[in-house]
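Listed in TrEMBL for this protein:
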- 21-39: transmembrane segment (TRANSMEM)
- 96-121: transmembrane segment (TRANSMEM)
- 182-208: transmembrane segment (TRANSMEM)
- 224-246: transmembrane segment (TRANSMEM)
- 253-277: transmembrane segment (TRANSMEM)
- 305-324: transmembrane segment (TRANSMEM)
Amino acid sequence: MKRKPPILPAKSSHRISNKWTIRKMVFVAILIAISVTFTIVGSQIVPFISIASFKFSFIGLPVKISGLIFGPFIGFFVGSISDLLSLLFVPPGGWHILYTLATGMNGFVAGVIGWFFLVYLKYYFGGEFRIENYYAKIYKLNVQYEKYIQLNKINKAEKVLNKIIFYDNKIQNVKNAGTMTALLNINLIISIIMMLSVIIFISIIIGIQVDSKAFVENLIKNRWITLAFMISGTSSMTIFIIVARFKLSPSRYLIAVPIIVMSAFLELINIPILSIADNISLGSGTVDKILDWIVSHVLMSPVKIWFNLLVIYYSYSVISSLVFKNQNLSY
């Protein structure tokens, strides 16, 4: 049987938060429970997960999905609450409030990226905005048409009627032909710009800003090898975005792109936060050792980005089918 593509969020307004229902609350509670359960089960199988920096990887998957589906604020809430609740069941081996912040940022960044690609771009480039704009013009023209009919200005009324028919045809063309190509192309362009921005930012920080003395006692003593590790995952994903534009189906591509961009930005944001937390809770706490912790996280960065794409994509495909099914129910 052919696998069904993931369900995209319904057409709606471009607001960052929509109507909140009991149905959505239930799913949020389920995702929090899943996050905590992942941590508890994982700690029984792999004991060192009790170390906060390792627990972060286990608890993050449902948090990212909650951000993609429900938005940044709910994503941050799910991440923060999940991390705090997990402390009750899995006592941490070294903990700092920054670990909770990093877990919350998983949901927040996923929510912002997901909203931008899945809601905002879809609204403005997916045809809905254009259709609403045409309907607004038709409404104004209808008012003029009724006015000219009442004043018995038949010639002007006919001209207005022709404009109404013109815009109505425009609406039908958008509905029939669609604007999927424009939506796919704008996703491609914006995602490449965002990914290249991450690469350039990292290159400037590691390649120029960081003092050479910081690499002397580092695990990887060469600046450029360190930089290569840090940008390798993002660079490979940038190439994947370009190739996938012509290989993946539209629905799959529109889901994969925000997951890739989200993963790249999370690595950029969370690695410094986690490194500072590790340095304080597990290390010496001195500033000059932060780069050591950054490198320890960077070594797994390429693997984590690809892992995020595969696991979150298929997990999102399953969960979104449940969340967006009968989504107009308001209970």
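The backbone N, Cα and C atoms fix where each Cβ goes, and this holds for glycine too.
Contact between the transmembrane segment (182-208) and the transmembrane segment (305-324) is absent: fewer than three CB pairs lie under 8 Å, with pairs separated by 6 or more positions in sequence. Between the transmembrane segment (305-324) and the stretches 21-39, 96-121, 224-246, 253-277, it is 253-277 that has the most C-beta pairs under 8 angstroms. For the transmembrane segment (96-121), same-chain residues at least 6 beyond its ends with a Cβ under 8 Å from one of its own Cβ atoms are 8-9, 12, 14, 16, 52-53, 55-56, 59-60, 63-80, 82-84, 183, 186-187, 190-191, 254-255, 257-258, 261-262, 265-266, 269-270, 273-274, 276-277, 280-281.
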